[in-house]
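Undergrad: Here's a structure for you.
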Amino acid sequence: MVLSAADKTNVKAAWSKVGGHAGEFGAEALERMFLGFPTTKTYFPHFDLSHGSAQVKAHGKKVGDALTLAVGHLDDLPGALSNLSDLHAHKLRVDPVNFKLLSHCLLSTLAVHLPNDFTPAVHASLDKFLSSVSTVLTSKYR
């Protein structure tokens, strides 16, 4: 999915509001995903998936860091996320549908924490961005 100039502006502006909370929001989105879509827990059998666990927080930080990297490379998502794509496709073998589920949970988390900034236009831009990230992360499955 191609991000327009307006989408890129919206994504960068929204992510700037996330600031140093990317890891916290990533962890919250993971918790939402585990609660709303329990089958996603199968990829984390070695994790303590309870609320506030150190392992979920650590993985949430990885998610937040990856999204921060992606926001910084909106014009080259495939290059920026190539290593993560390899990891998820070849080593972890995550079912691609799970990226969509996590994206949904990330949007919900951002809407809760950024209510004044989460306009319909920003929502649409973030949705396109997360869809683009998901597409890149699943590109090496083929």
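Residue numbers in this text run from 1 along the chain shown.
Each residue, glycine too, has its Cβ placed from N, Cα and C.
Values in this document were obtained by computation on a predicted structure and should not be read as measured data.
According to Swiss-Prot:
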| type | residues | note |
| --- | --- | --- |
| DOMAIN | 2-142 | domain 'Globin' |
| MOD_RES | Ser4 | phosphoserine |
| MOD_RES | Lys8 | N6-succinyllysine |
| MOD_RES | Thr9 | phosphothreonine |
| MOD_RES | Lys12 | N6-succinyllysine |
| MOD_RES | Lys17 | N6-succinyllysine |
| MOD_RES | Lys41 | N6-succinyllysine |
| BINDING | His59 | O2 binding site |
| BINDING | His88 | heme b binding site |
| MOD_RES | Ser103 | phosphoserine |
| MOD_RES | Ser125 | phosphoserine |
| MOD_RES | Ser132 | phosphoserine |
| MOD_RES | Thr135 | phosphothreonine |
| MOD_RES | Thr138 | phosphothreonine |
| MOD_RES | Ser139 | phosphoserine |
Undergrad: Please name the residue among the modified residues Ser103, Ser125, Thr135, Ser139 whose C-beta has the most neighbouring C-beta atoms within 10 angstroms.
TA: Ser125
Undergrad: Which of the recorded positions Lys8, His59, His88, Ser103 has its Cα nearest to the Cα of Lys17 (N6-succinyllysine)?
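TA: Its closest listed neighbour, by Cα, is Lys8.
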Undergrad: CB neighbours of Ser132 (phosphoserine) within 10 A?
TA: 20
Undergrad: From the modified residues Ser103, Ser125, Ser132, Thr138, pick the residue whose C-alpha lies nearest to the C-alpha of Ser4 (phosphoserine).
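TA: Closest candidate to Ser4 (phosphoserine), judged by Cα separation, is Ser125.
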Undergrad: Between the Cα atoms of Thr9 (phosphothreonine) and the residue listed as 'heme b binding site', what distance do you get, rounded to the nearest Å?
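TA: Rounded to a whole number, the Cα-Cα distance is 28 Å.
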Undergrad: Mean pLDDT, the domain 'Globin' (2-142)?
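TA: The answer is 95, the mean pLDDT of the model over that range.
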